[in-house]
Amino acid sequence: MLAVPNMRFGIFLLWWGWVLATESRMHWPGREVHEMSKKGRPQRQRREVHEDAHKQVSPILRRSPDITKSPLTKSEQLLRIDDHDFSMRPGFGGPAIPVGVDVQVESLDSISEVDMDFTMTLYLRHYWKDERLSFPSTNNLSMTFDGRLVKKIWVPDMFFVHSKRSFIHDTTTDNVMLRVQPDGKVLYSLRVTVTAMCNMDFSRFPLDTQTCSLEIESYAYTEDDLMLYWKKGNDSLKTDERISLSQFLIQEFHTTTKLAFYSSTGWYNRLYINFTLRRHIFFFLLQTYFPATLMVMLSWVSFWIDRRAVPARVPLGITTVLTMSTIITGVNASMPRVSYIKAVDIYLWVSFVFVFLSVLEYAAVNYLTTVQERKEQKLREKLPCTSGLPPPRTAMLDGNYSDGEVNDLDNYMPENGEKPDRMMVQLTLASERSSPQRKSQRSSYVSMRIDTHAIDKYSRIIFPAAYILFNLIYWSIFS
């Protein structure tokens, strides 16, 4: 019975001791700090104590706070993008919004005659004012953004008329820039490469001059909603002085503005970037005109080759004709198949005609020579003194002798060492004088020989003179 009260008394003493210990810790905090120092401060508390000590010890090394870590207002909130409907143009329901444009041409990459297009890389900049994007600023500084903000606000919907391919450069990121002034003025710039159509006239090719245009227009907004204009007039177009092309000389760049009408939608403002190109002729002189001229001159060589040298004259004529055909085919392969005659076609085909006529000239000479040889054979058969002689021994009857030379044979006297064949020819010609019929046969025979020689002789003068005259007329018209 006495054990139960003693147990209760012991429990009471333990509880009272725990209360006293708790009260002592609450009234003596320095002791707790002292005890924690023995076990070690927590990591965060030690860092804070170290920083405070560093600031107190070296105030010179004290750094300003990093503003990027402080909470800032988002650009979307500053521009109040969520408070407006940017699917509508600025000033909707009012007058047309003016949008200025300027362009800097970076490069003119290529001109294709076959596809009738050109490729250009340029910086396209738009200027307009959108009061919905105005923001308060104490220093009147603009804000610059990349392409991510462009998708959240209104921008002009420009496109290139008659473009075949175009893209915005994206290396290393999208080449798009947006700059907003505190009063709401916006600059929108992007770097674009576009391939556009260019209607070319090749009637004077390769002595031609081409004018191409890059046309810029709003796709959806008519002139009642958007007024498109060159911001600085002709100064709105800037070009790099280093721009050059292999086959063309860039003569000038200039700008124009016109209105375009579509029956379904109405009138639109359209901006033009016009540039004039003049073709370099030196390349075509080396590749086309000089080879064609040389082939024509080479065909004239046959006029100085003996008419009996068939293996020499025929291959020469065929070679020049085939070479001219190859030149014509090569030029037309690099050109579009137009339905009109080009200047180079006139020159090449006239040259081809000259080469072909030289072949026909030899065909005529060879034919007349063959006919003449047949008549010679008949004449030898009719002459009694030469009928038994072989053809080489009748060379005295060659047409190189005139009538006077033939008559002089009457006075011919054989000298020592003279062959008797020549004497027989002399006697034959002398006997012909006593017969009027044989005299007429001899005259027609000699005249025939002179005519065949005259074709080659006159061709040596007529062909070069006619070709030189053609060149004078051609270059005076097209140059």
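Heads up, the Cβ atoms here are built off N, Cα and C, so glycines get one too.
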Residue from ARG125, ARG307, ARG308 that Swiss-Prot also lists as binding 4-aminobutanoate with SER189, GLU217: ARG125
Membrane topology agreement for LEU271 and LYS457 per Swiss-Prot: no
Listed as N-linked glycosylation site by Swiss-Prot, one of ASN140, ASN400: ASN140
Spatial neighbours of CYS212 (disulfide bond), counting only the recorded positions SER189, ASN234, ASN274 and Cα distances within 10 Å: ASN274
Nearest of the recorded positions (ASN140, SER189, CYS198, GLU217, ASN274) to ASN234 (N-linked glycosylation site) - Cα to Cα: ASN274
Fewest other C-beta atoms within 10 angstroms, as judged across ASN140, ASN274, which are the glycosylation sites: ASN140
Secondary structure at CYS198 (disulfide bond), reduced by DSSP to three states: coil
Tertiary contacts of the topological domain 'Extracellular' (335-345), as residues 6+ beyond its ends and Cβ separation under 8 Å: 113-114, 116, 202-208, 284, 288, 328, 478
